[in-house]
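Copied over from TrEMBL, here are the features:
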DOMAIN    6-386  domain 'Amino acid transporter transmembrane'
TRANSMEM  12-28  transmembrane segment
TRANSMEM  34-54  transmembrane segment
TRANSMEM  80-100  transmembrane segment
TRANSMEM  112-135  transmembrane segment
TRANSMEM  147-170  transmembrane segment
TRANSMEM  190-211  transmembrane segment
TRANSMEM  223-247  transmembrane segment
TRANSMEM  303-325  transmembrane segment
TRANSMEM  331-355  transmembrane segment
TRANSMEM  367-388  transmembrane segment
Amino acid sequence: MPVGTARTCMNGLNALSGVGLLTVPYALSEGGWVSLALLAAVAAACWYTGILLCRCMDADDAIRTYPDIGERAFGRTGRLLVSAFTYVELYLVATGFLILEGDNLDKLFPGARVTLGTVSLAGKRLFVVLVALVVAPTTWLRSLGVLAYVSATGVFASVVIVLSVLWAAAVDGVGFSGRGTTTPLRIAGLPTALGLYIFCYGGHPMFPTLYTSMKRKSQFPKMLVICFLLCTLNYGAMAVLGYLMYGDGVLSQVTLNLPSARLSSKVAIYTTLLNPVTKYALVVTPIAAAVEERIRGAAGKGARAVSVSVRTLLVLSTVAVALALPFFADLMALVGSMLNVAVCMLLPCACYVRIFGAPSMSSVEAVAIGGILVLGSLVAVTGTYYSLMKIIHELV
């Protein structure tokens, strides 16, 4: 059913409002004050590539999804490439949800431990497993309408988190005297900062769906401007606020710095915990559906059992990765640098040029697309390398 511009705008805000909000102060500490300009540049680039995706959809009425755009541009290889990047991105985001939950619950309940026979789990590892037990049944649902409605609270939750952190600083005594707040630019930290900034704008797989659902599709560019502008203001406010509070000591999730005894901190942390729980099933369902589609012919009457098994194994696999790589910021920077940069910057430009041809573009359009391709390629190479090196260093 076609929906109005206001509702589509809310859905767009929800697509762009995520756990990246917690990492932007850390990203600012990595890149320095000048990196805020890069946050704005990334937002502008991702807004423009969102417009390019919609122009690609106008080229063929049969196009309904992002993989359809890939197929229209590059055939079956394009569909497989877009799908692969999207599914791996969703998988690692789901894994990041578990890591985030474990980190924040461990802050709320330090020293928690459970022993069953010879098996003992404590701290973050315990909470990762417990959260997985909670979210696993939600992934078994075939219809996620209720979860989709609940997840729409993400926009409101993002604002609540920022206000709670502000309250902690201004009222609860944390203050704004974080050490290191005068650093203008850190070249060595820019790859990590850019990866985390790009991770914040990973809503492109949803844009084609939002576009096709609109009653007045001509309003889509304006709607997208509003979504990116409001989200960038929220991300920028959190980045400045968290960095002024804790400076170079800000952790990968700013909620981990907050004084746990304060009410404002509890509000921020509990609000943070809500989003991953409600969105986990929505994130992993496309992956599960793709796997089930591949084995549907072999399922027969046991289709329901196969579905539950696939989704349970998927949850278990994300638990295993979360326990093996419990480095939230580094993992999200890797997702941003290796996957989001492809899905949100490189592939939209490549598909657009392939579908319409370079000769049909204006000089301004060609410069914009060329700049995005250069920026995206630099982030993909340097960001992926630095993120992998950090993860390897943590493991050694």
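Cβ coordinates come from backbone N, Cα and C, glycine included.
Whatever TrEMBL says is automated annotation, not expert-curated.
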Cβ contacts the transmembrane segment (367-388)/the transmembrane segment (12-28), at least three under 8 Å, sequence gap 6 or more: no
Stretch among 12-28, 34-54, 223-247, 303-325, 331-355 sharing the most Cβ pairs under 8 Å with the transmembrane segment (112-135): 303-325
Contact check, the transmembrane segment (12-28) vs the transmembrane segment (223-247), 3+ Cβ pairs under 8 Å, seq sep 6+: yes
Selected stretch (most C-beta pairs under 8 A with the transmembrane segment (303-325)) from 34-54, 80-100, 223-247, 331-355: 80-100
Same-chain residues near the transmembrane segment (80-100), Cβ under 8 Å, at least 6 residues beyond its ends: 19, 22, 66-67, 69-70, 74, 124, 128, 131-132, 202, 205, 253, 272, 276, 279-280, 283-284, 286-287, 290, 318-319, 321-322, 325-328, 331-332, 334-335, 339-340, 342-343, 347
Folded-back contacts onto the transmembrane segment (331-355), same chain, C-beta under 8 angstroms, at least six residues removed: 19-20, 23, 45-46, 49-50, 52-53, 55-56, 59, 66, 69-70, 72-74, 78, 81-82, 85-86, 88-89, 92-93, 95-96, 99, 191-192, 194-202, 204-205, 325, 361, 369, 372-373, 375-377, 379-380, 382-384, 386-388, 390-391
Intrachain residues whose Cβ lies under 8 Å of the transmembrane segment (223-247), provided they are six or more past its termini: 5, 8-9, 12-13, 15-17, 20-22, 24-29, 36, 39-40, 43-44, 46-47, 50-51, 158-159, 161-162, 165-166, 168-169, 174-181, 200-201, 207, 214, 254, 257
